[in-house]
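J.: First the structure, then my questions, so here it is.
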Amino acid sequence: AGAGESGKSTIVKQMKIIHQDGYSLEECLEFIAIIYSNTLQSMLAIVRAMSTLNIQYGDTARQDDARKLLHLADTIEEGTMPKEMSDIIGRLWKDSGIQACFDRASEYQLNDSAGYYLSDLERLVTPGYVPTEQDVLRSRVKTTGIIETQFSFKDLNFRMFDVGGQRSERKKWIHCFEGVTAIIFCVALSAYDLVLAEDEEMNRMHESMKLFDSICNNKWFTDTSIILFLNKKDLFEEKIVHSPLTICFPEYTGANKYDEAAGYIQSKFEDLNKRKDTKEIYTHFTCATDTKNVQFVFDAVTDVIIKNNLKDCGLF
């Protein structure tokens, strides 16, 4: 579980890579359309933000490019990347104004993978391009409804349910989880300075805390292990240096350094647990796009699940 864009589906993709047989060539090729669409949508978001934030293009010729791009975006087939369009996106990405706008991404809605795809556009549009595992992991499709993945690991059969994090999705799933062994709750650490896409009123971190509170203290989940993934630690580490944590927690007086700031966020979440004497929260710092990190963390999580199962059977 977790709020929108916290990394839930990426964790599920990693399970496919680590515990199933990964992505076949055919499956990788199916992601091309999503990757092209993500790349175009990212550049469109930056172009629109140029006018909202009143940023000038470094080279005035790019204004024409931006106009052309908006027009092309309406005419091309979704998920394709004609040469004319990739050339325009490439020129725009190199513009100093666009880069300045990209640096202010916390002020508008931009995919986390924007920089990853845009800075590697030439590779993505090379004839015969086959998406890599990392390209696939970074692709973004909003999850609606509930998607189930099954795999086995350490003699346990896992059924993972990936749920939509956007508000409208939540009431659909909360009751379906009675009796689950564990809930992995994802939080995007890097969202501490972002506004929320759906109502733009509440900071995403506070929105996440609210959702965590309702799950952690929910009567359905009294006996469920709650595993907290404080995710996107790589992005958080880059951000914390120039975006102070007080944006989100005005009362914070610590340093704007990774360890101290991340620890503070961890305690804010763990303090929401109203049954500290009987319920433990298992927290891990994760980077969902990093396979080795997820493999290591998931191994630890599985040991907790096994231990708690044995405890319930009186074997531990």
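Glycine residues also receive a Cβ, built from the backbone N, Cα and C atoms like all the rest.
OK, TrEMBL features for this one:
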BINDING   5-10, 112-113, 137-143, 162-166, 231-234, Ala288  GTP binding site
BINDING   Ser9, Thr143  Mg(2+) binding site
J.: Look at each of the binding-site residues, Val141, Ala288, and point out the one with the fewest other Cβ atoms around it within 10 Å.
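T.: Among the binding-site residues Val141, Ala288, the lowest count of other Cβ atoms within 10 Å belongs to Val141.
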J.: Quick one: among the binding-site residues Ser9, Thr143, Asn231, which has the most Cβ atoms sitting within 10 Å of its own Cβ?
T.: Asn231
J.: Near Thr143 (Mg(2+) binding site), meaning Cα within 10 Å, which of Ser9, Leu137, Asn231, Ala288 (binding-site residues)?
T.: Ser9
J.: Can you tell me whether DSSP puts Ser9 (GTP binding site) in helix, strand or coil?
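T.: Reduced to three states, the DSSP call for Ser9 (GTP binding site) is helix.
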J.: Count the other Cβ atoms sitting within 10 Å of the Cβ of Glu5 (GTP binding site), across every protein chain shown.
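T.: The Cβ of Glu5 (GTP binding site) has 25 Cβ neighbours within 10 Å.
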J.: Give me the non-local Cβ neighbours of Leu137 (GTP binding site): same chain, 6+ apart in sequence, Cβ-Cβ under 8 Å, ordered along the sequence.
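T.: When sequence neighbours closer than 6 are ignored, Leu137 (GTP binding site) has Thr10, Lys13, Gln14, Ile17, Ala288, Thr289, Thr291 within Cβ distance under 8 Å.
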J.: Once the DSSP letters are reduced so that anything not helix or strand counts as coil, what is Asn231 (GTP binding site)?
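T.: DSSP call for Asn231 (GTP binding site): strand.
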